[in-house]
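As recorded in TrEMBL, the features of this protein are as follows:
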- 137-157: transmembrane segment (TRANSMEM)
- 164-182: transmembrane segment (TRANSMEM)
- 220-241: transmembrane segment (TRANSMEM)
- 262-284: transmembrane segment (TRANSMEM)
- 357-382: transmembrane segment (TRANSMEM)
- 403-423: transmembrane segment (TRANSMEM)
- 467-490: transmembrane segment (TRANSMEM)
- 502-526: transmembrane segment (TRANSMEM)
- 542-562: transmembrane segment (TRANSMEM)
Amino acid sequence: PAPVSPLCPLPLQICVSKCPDRYLTYLTAYGNAASLEYYRNFCTPEFKNTRKAPLEVLKDRECPAMLIPSTPLARRCFPAIQAKKGVIMVGNETTYDDGQGRRRNVTELLEGAKKANVVLETRQLAMKIFEDYTVSWYWIIIGLVIAMVASLIFIVLLRFLAGIMVWVMIVMVILVLGYGIFHCYMEYAKLKGEAGSDVSLTDLGFQTDLRVYLHLRQTWLAFLIILCVLELIIVLLLIFLRKRILIAIALIKEASRAVGHVMSSLLFPLCTFFLLCLCIAYWASTAVFLSTSNEAVYKVFNDSACPFSGQTCKPETFNTSNVTKLCPDAQCLFAFYGGETAYHKYLIVLQFFNVFMFFWLANFVIALGQVTLAGAFASYYWAFKKPDDMPAFPLFSAFGRALRYHTGSLAFGSLVLAIVQVIRVTLEYLDHRLKAAENKFAKFLLSCLKCCFWCLEKFIKFLNRNAYIMIAIYGTNFCTSARNAFFLLMRNIIRVAVLDKVTDFLFFLGKLLIVGSVGILAFFFFTQRIKLVQDTAPPLNYYWVPILTVIVGSYLIAHGFFSVYGMCVDTLFLCFLEDLERNDGSAEKPYFMSQNLRKLLKKTNKGQPDA
């Protein structure tokens, strides 16, 4: 077979049984029966008429204009380039006939050979990487399992160590700032009396060598004042926010208990990931279908005046049409890839709609996962006797409620976010197209719009997340839930800020600990530096291949676990705020929060036993 590219009427590849082993042009072979029979091995299968004029054969692209001695490599024929005493040769020749009666130097073939070598080297690299995966895949899986177990253990330990880790972090920050103040004072005192150290920053001016500023007393005095102000601010915040920090720690511990009672929630991200893969597959297949639904359009090209110039034509019937009779020098050549129907004209609109649908479906899947987890953890919080009052299968119950009652709310919230994301993609596309433009005002305006819509997307994601939690708790529509969640958080903005920063720190510490420890273990194992298992480690071409795979996989696993935990913390926090505002501890309106939270807030349930 001779595969033909739709972008060009030429056969770009022809399958042959053997690569050519000699220099030969079609014009030379045409006058010799034996040479022509050999030449036919490298022509298209449709070439049958050996008596056809050479110009017609070459014009119809049935045979190549010339053959070059080649060697097979990776199922391709490449020029047999070799160097003898510093002279580049192909098939023991330094020149060749280009098929048009001209002699060319073989060095002109080097550029094409170099580009081919890049492809071959890339292919060899890919093969070596694939070999590394084949001998190390089970060790990679073991590393990922270790990361999963470590993530689970870290979440369980947060119930006991969250408070210790947060307070150790706060004390460490205070001590580091204290040492910075001490160091700045010592440097300031050491420079006293030294020549040139009393020059002011304004007199010195701007210097490209920043080390010059370190020899000025005023520089260290400025550092000292800045660090003292930061230290004072942190100490004051610690004094005034100590109770809110304790509440945040208590909520994190409570979230660890909730995850322990709904262990199936840790596997739920796999369901979300599977649905997202379906969305990506649908978008990709649709995009490929739309991209390949174009057709190759051929038009008449000619050197002299011709009434048919620019008209569409068909290469199969062009030689037998009236065009060649009226315009002998006319050719039916590829013009562009597309079409001239209404469908082809609006193809870009369909691609744009496909991208929009991808964002909408992906956001809907994420929203479904969030409202399901929120419903499961809310059932834990609002159970007066935990966990006895919880449903038997809280996660499946929440998933069923989300599909049955809340699909409209989830679709609307996803739609709002998808619109903003599509606008951002459009702005990025325009920015890419305007990179070469010299209009600075347009660039500035585009940058401002990109920044504004980035902030808007972050805000909508934050609002949607909390709206989905309120939907899971009360079952209200999206707009009502978003409004209630927003004003509830605004009434407790300081608590929101403290809890957000505390959880961010713990998640960062957890990811760093898990990914770092598993990555170091993988490095020592695959580089055969662990003597106990030195003989067990597989031989590798590139040891960084399994190590990077383990590190990336560990991060994704830790991120999946902590995303569930983060959703649990946010859900319990909103439930906690609702509990404080709607209930007063009386027999009719008892608090649903845990006993530890009630003790911390000095709240009691009158006439009710403690949960």
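Note that Cβ sites are derived from N, Cα and C of the backbone, with glycine treated the same way.
Annotations in TrEMBL come from automatic prediction, not curation.
Not measured: the values here are computed from a predicted model.
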- Message: With pairs fewer than 6 apart in sequence excluded, do the transmembrane segment (164-182) and the transmembrane segment (220-241) have three or more C-beta pairs that lie under 8 Å?
- Response: yes
| task | Please work out whether the transmembrane segment (137-157) lies in contact with the transmembrane segment (467-490), by counting C-beta pairs under 8 angstroms that are 6 or more apart in sequence and asking whether there are at least 3. | result | no
Long-range Cβ contacts under 8 Å made by the transmembrane segment (502-526), restricted to residues 6 or more beyond its ends, are 136, 139, 143, 146-147, 150-151, 154-155, 158, 162, 165-166, 169, 245, 248-249, 252, 533, 537-538, 540, 543, 546-547, 550-551, 554-555, 557-559, 562, 565-566, 569
Sequence-distant residues near the transmembrane segment (542-562) by C-beta distance (under 8 Å, 6 or more away from its ends) are 128-129, 132-133, 136, 139-140, 143-144, 147-148, 150-152, 155, 266, 269-270, 273, 507, 510-511, 514-515, 518-519, 522-523, 526-527
Tertiary contacts of the transmembrane segment (403-423), defined by C-beta under 8 angstroms and 6+ residue spacing from its ends, are 352, 355-356, 359-361, 363-364, 366-368, 371, 453, 456-457, 460-461, 464, 467-468, 471-472, 475, 477-479, 481-482
Outside the transmembrane segment (357-382), at least 6 residues beyond either end, the same-chain residues with a Cβ under 8 Å of its Cβ set are 255, 258, 261-262, 265, 268-269, 271-272, 275-276, 279-280, 282-283, 390-391, 394-395, 397-399, 401-403, 406, 410-411, 413-415, 417-418, 421-422, 464-465, 468-469, 471-473, 564, 567-568, 570-572, 575-576, 579, 592-593
